[in-house]
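Listed in TrEMBL for this protein:
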type     : residues                       : note
DOMAIN   : 49-219                         : domain 'Phosphoadenosine phosphosulphate reductase'
BINDING  : CYS129, CYS130, CYS214, CYS217 : [4Fe-4S] cluster binding site
ACT_SITE : CYS240                         : active site, nucleophile
Amino acid sequence: MNETRAIDRLDTGPRFTDHDAIRLNRMFRGSETEDWLRAVVEGNLVGEIALVSSFGAESAALLHLVSRIDDSIPILFLNTGKHFPETLAYRDELTDLLGLNRVDLYPELSDLEKRDETGLRWSYDPDGCCELRKVRPLEKALARYDASLTGRKAFQSTTRANLPRFEVDTSDAQGRMKINPLIDWDADRIAAYFEEHELPRHPLVERGFPSIGCSPCTREVKPGEDPRAGRWSGWDKVECGIHKPGEEPFL
Ligand code: SF4
């Protein structure tokens, strides 16, 4: 890997291979999160990076961590048109507080007109709805980046239990590096980080929402349930299509 490689190879093949991900995972084994993340960003080890954030229950930890390293890193927010008003308010609060370089992404109007005219596609085809409102806008935006940062944590669900820090994104042929800085953080560590840095909580957390997505597809979680049990409850669906469950070794 080198600084120019990813950009130079945009039209000639994947930016990264599994071998690159393995090398990075080995290189930073045992390193503290902020140390290795800083080394990756300041050393330009993976080219142009964007952070994809839902401004959900735990998002402030990664947003804070990244903003301390480089506050010019674009923060991509998928504005699906279906968020809780509390999420939009929290997004604005964190953007101001941390001085984020936020970029809101929207679904294509023509897609909505053709495939979700009533705005109710989530109720009978959530995969199709996520495709229109999340997957396509993100794919389009990420095309110009070499790597993305995610806020996924292993403890969130069984489908995320074995994620590495670095993995090659298999969602398209571009071979973008996907980086999971908080993958080995547990709930206590995240809570301690919030406390240490006096980060505000998403207002829905205290109302029983440990994982927060679009309002029609998120319910409260009962004590003892998987933290992501409230997402697409009643559907055989655990991810929105941005992340694919069950693929090894990436997820
Ligand atoms: S989470 Fe629900 S409302 Fe949001 S894009 Fe997916 S299906 Fe649609």
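Just so it is clear, glycine is given a Cβ too, placed from its N, Cα and C backbone atoms.
Please treat TrEMBL annotations as automatic predictions, because they have not gone through curation.
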- Item | CYS130 ([4Fe-4S] cluster binding site) CB neighbourhood, other CB atoms within 10 A | 24
- Give the three-state DSSP assignment (helix, strand or coil) for CYS217 ([4Fe-4S] cluster binding site). helix
- Count the Cβ atoms, other than its own, that fall within 10 Å of the Cβ of CYS217 ([4Fe-4S] cluster binding site), considering every protein chain shown. 21
- Note the mean pLDDT of the domain 'Phosphoadenosine phosphosulphate reductase' (49-219), expressed as a whole number. 93
